[in-house]
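**Student:** Per TrEMBL, the features are:
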type: DOMAIN; residues: 111-262; note: domain 'Fido'
type: ACT_SITE; residues: His197; note: active site
type: BINDING; residues: Asp201, Gly202, Asn203, Gly204, Arg205, Ile206, Gly207, Arg208, Tyr236, Tyr237; note: ATP binding site
Amino acid sequence: MPWIWQSSAWPNFWYDAQEVASDLASASQAIGEITGMQAGLSASEREELQLRRIVQEALGSFGIEGVTLDRTQLEVSVVASLLHRERNAFDRRSDAIATLLLRARDHHDPVSAETLCEWHRLLFFRMEVDDPGRWRQSDIEIVRSAVAGTHEVLFKAPPPERLNQEMSRLLAWMATEHVMPVSIKAAIAHLWFETIHPFADGNGRIGRALIDNVFAQQNALPFSLSRQIEMEKRAYYEALQAGRHEDGDRIDATAFVTWFLQCLCRAAQVARQEAQFLLARNAFFIRHSAAMSQRQEAVMRKIFEAGPKRVAEGISARSYARISGASGPTATRDLNALVAIGVLSRSEAGGRSTAYTIRL
């Protein structure tokens, strides 16, 4: 069976503009709304969202491949990289990963073969991997396990001797001014790159960094897409397969473009909720910090750090004591004081199981 890159239609990617029009409008509106919402935040709030977004992107992109990163180390590395954008000396792999993600979002850094190979070296900093920082030197197949001891070949990438030619065509296309919307350009660039699969390992993570780079040519994507893709990993892989459909003298990418635009909308919805939560959190502490003791404020900040779901759960004397290290009676007194100043409201139940709702 010939693979799509062996077809005479390769690499003439096409999409049905009419079919994707509604999803494109929704995605463009969603991205614009998030960008506008973030523009209205304070400088410190925007910095916090940028930090969160980059960390989420790293955790999500690696999570898609089944790799777990240390969130705390990553946060430290992102902050350091934001302060020293041009640094090339790294102590930890998390430093290199943070630098890769920031460089991918740098619209002053045009994508070239050298750029992608540098990203690959950063991705596998201090790791053993075949062909680091260069196109792969061997064939590669994408397989799916079937019955015990067998597998199904889903896709075979172009051979090593074609990679220079294939990547040159993709990079030339990316460097060309297009009338197509940036969201669709990002989708096709990602699909095209994943079809070539130019590296021995890390193609998914480099390909998702490429999405960020395409958006950065106009405006950086204001939220993490990889986090959403991780939640929809199976659908993502299915969409990539469906987007390589030969249709006469062209390759119909409509299925992948449609899924990509819809995924952007879902990611934007999560980002909107996060931005709203950030605003509510900051307003909460502006109202109440002066009236709370140091211990009370520390507990409340710890709860808010865990996110909106944790805040919605509220707090009990037992959880307050666990977070603060205070005794049970002290925890109860602190909680009653927080009720008195309007920080919390008490449930009807009494005793040690009494739940307290945080009043936003």
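We number each residue from 1, going along the chain as drawn.
Heads up, the Cβ atoms here are built off N, Cα and C, so glycines get one too.
Are these features on the surface or tucked inside, and what touches them?
**Tutor:** Other Cβ atoms within 10 Å of the Cβ of His197 (active site), summed over all protein chains shown, number 22.
Gly207 (ATP binding site) falls within a helical segment according to DSSP.
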**Student:** How long is the line from the C-alpha of Gly207 (ATP binding site) to the C-alpha of His197 (active site), rounded to the nearest angstrom?
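**Tutor:** With distance taken Cα to Cα, His197 (active site) is 9 Å from Gly207 (ATP binding site).
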**Student:** Express in Å, rounded to the nearest integer, the largest CA to CA distance found among the ATP-binding residues Asp201, Gly202, Asn203, Gly204, Arg205, Ile206, Gly207, Arg208, Tyr236, Tyr237 named in the record.
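**Tutor:** Max span of the ATP binding residues, Cα based, is 18 Å.
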**Student:** For Asn203 (ATP binding site), which residues in the same chain are close in space, meaning a Cβ under 8 Å from its Cβ, but six or more apart along the sequence?
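**Tutor:** Those within reach of Asn203 (ATP binding site), by Cβ under 8 Å and sequence separation of 6 or more, are Phe193, Glu194, His197.
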**Student:** Let's check the environment of Tyr236 (ATP binding site): how many other CB atoms sit within 10 Å of its CB?
**Tutor:** 20
